[in-house]
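Inspection log for the structure reproduced underneath, given as structure tokens.
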């Protein structure tokens, strides 16, 4: 039994090494100059060059990109929640004949890989003169979030007992009032789960900003990082600092929302 | 009898109220509440599918106002005849196969070990899982600096006296695709681990207890108890993996840009490069439509084939 325990921990720590080493290399390198990164990748820097982080943060614009990404992701998520919860309410709480086909119509979107339709999407955005338009990006993210979000919310709302609505109905509340005052507050757990997943998928996406944002002041983190590697590609220290900044956000999110994220994935959430 | 009658109305049944009772105001509100979702989803996801179909039968250089010329199946013929497209499909097949072979098995072993008494479980889970929610651009760049010719891997190999093993991992035609596939596996294990871990938690402890009393070893328990019970969850992971791998784009885009000589393209990156780098909008759309058909076919197959097999099995047993 004791040897088994030993093997167990050896295995777990070996896997930790496989996951941590590349991240550790990036983090340590972010304090080095090019020469040190190349000669001894895993040794600690002789001089800690904090200016690399300074360069990544300010002159390379990572701070700006972080703000942009936050704004875009939070705005998109807010709109996604409003738009999807309203249609999910209609689909889940009423028995119109159209509801089943409507839900299937949304579910169909899960099968569509974004890259299969980027050509027409870029044609539409170009024709409507919506380049460098944050609102247009949000509309795209709403469209692509609908299948997953509507499905999860409708599923959750369906399980809310109808008696809960009765007091509001007796008060003569309208359907919108019932949605806002009764159903929405009760859907908290489902709303927060889809909020986190949609936040991550907007945060991580590079395709739409790459195609539709060329104004440097509007770049997102993923796009900024991509361009950084093109422009300062040989300035490895600051590059590593920029990567470290980018991957620290998911770490922080995970630490705060561990339970929600894990339950969401376990419930069959689609990868962002 | 009275009891059942009294308890009946308490049964949650949200569909009980018919919409015949809805007032006009209610109906107007419901239509207004449903339409934003329907309109946005239709405009930016559904209509593009039809435009993609239209484009794929036309030749067009992407310039606004330039004429579209109907060319029939020519774009598709060109795609299937193109070595670039053939390579991208082969790469996709390889990536799906290898990812499926490694993701779920490694994730299952990790999940099974973490499901036992482990000190620092939260730490292990975090380390394995968080890379799966990194932006893939960051994951790709992180590994790019390890695999590039002067990168960390080659330096370490040289420092260890294994200099002859050093190579241009992402530049050599022989290693470029396997390297990208490796990173794809690295970036996905934790995700499947979380799904499997949730499944393992549903197995009651007495099942293991019984096996242990029968004298089964840990390895025997894993293969004879855990794997069979977990079969549905394992299948779900395989399905998610197949569908997820079709959508891989960022890793190739940032690590090799499809090179060397288009050898590491996937259909997704080929769509992007043909349309936005070489202005072959018709060909790009055709590859996009092929990708669409492939994704839909595979999704439907993975949804219905397991159900069909299960139904058949029930029938033959009955």
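Cβ atoms here come from the backbone N, Cα and C positions, even for glycine.
What you are looking at is a predicted structure, and each value in this text was computed from that prediction instead of being measured.
Per TrEMBL, the stretch carrying the note transmembrane segment among A:214-235, A:236-257 is A:236-257.
Annotation: stretch A:137-157 has the most Cβ pairs under 8 Å to the transmembrane segment (A:65-89), among A:12-31, A:137-157, A:178-200.
In this chain, the transmembrane segment (A:137-157) does not touch the transmembrane segment (A:236-257); fewer than three CB pairs sit within less than 8 A of each other, excluding pairs fewer than 6 residues apart. Within its own chain, the transmembrane segment (A:178-200) is flanked in space by residues 73-74, 76-77, 80-81, 84-86, 89, 93, 141, 145, 148-149, 152-153, 155-157, 160, 164-165, 168-169, 250, 253, 257, 260-261, 263-264, 267, 269-270, 272, which lie at least six positions past its ends and keep a Cβ under 8 Å from the stretch. Long-range contacts of the transmembrane segment (A:101-125) within the same chain: residues 87, 91, 131, 136, 140, 143-144, 146-148, 150-151, 154, 207, 211-212, 270, each at least 6 residues beyond the stretch ends and with a Cβ under 8 Å from a Cβ of the stretch.
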